[in-house]
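According to Swiss-Prot, the protein has these features:
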ACT_SITE  Glu81  active site
ACT_SITE  Cys144  active site
ACT_SITE  His166  active site
Amino acid sequence: MRIVLLTGFEPFDQDPVNPSWEAVRQLDGVQLGSDVKIVARRLPCAFATAGECLTRLIDELHPAMVIATGLGPGRSDISVERVAININDARIPDNLGEQPIDTAVVADGPAAFFTTLPIKAMVKAVREAGIAASVSQTAGTFVCNQVFYLLQHALAGSGVRSGFIHVPFLPEQVAGSQRPSMALDAMVAGLQAAVLTAWHTPVDVKEAGGQVS
């Protein structure tokens, strides 16, 4: 049985839940075909340990595809990331109290890595399921970007496709505010559509997904 590794993060910044893990955990064991299934795992939200945990999972599971997910505060849709950059610049401390500023994710590593997922086909599929989605041009500079960069670095040249998706807050996390959110069932359905499309789409579609500024 081939495996698509799907990861989410533990809660951080004093939130009791992280919607990325709440959504991903519901997809654990879902089959994408007769010989492939999703395996969901949770990563720590810490610069020192998230990458190590991800590496162990890859070594243990030998996945055929890896998609990491995380919370994007302020995001209003399923945001499929295009690029990871070689910089840590934490606005807040991580769960171990560390706050790296302007440090490299990988010393002497490339400035950036592009996703190897069919991101525009994924966005199209999520939208066709009636759920808001877009291509994102930045994964930030916190642990999400670090994990995305380390993932692409680890799998470069392996033939294993990989990438990252950001999800919004859950409604209960932002109750009483104007911050955008998405219901958990919509998030789960959107991620499932994205993962299924990623698995079955070897070549991305050619359509606009950029931004003017």
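Backbone N, Cα and C atoms are what each Cβ position is placed from, and that goes for glycine too.
Note that the coordinates shown come from a computational prediction; the quantities given were computed from them, not determined experimentally.
Counting only same-chain residues at least 6 apart in sequence, those with a Cβ under 8 Å from the Cβ of Glu81 (active site) are Thr115, Ile119, Ser136, Thr138, Ala139, Phe148, Gly163, Phe164, Ile165, His166. In this structure, His166 (active site) is part of a beta strand by DSSP. The number of other CB atoms found within 10 A of the CB of His166 (active site), across every protein chain shown, is 25. In the three-state DSSP scheme, Glu81 (active site) is classed as strand. Non-local contacts of Cys144 (active site) by the CB criterion (under 8 A, 6+ apart in sequence, same chain) comprise Phe9, Ala68, Gly70, Leu71, Gly72, Phe164, His166.
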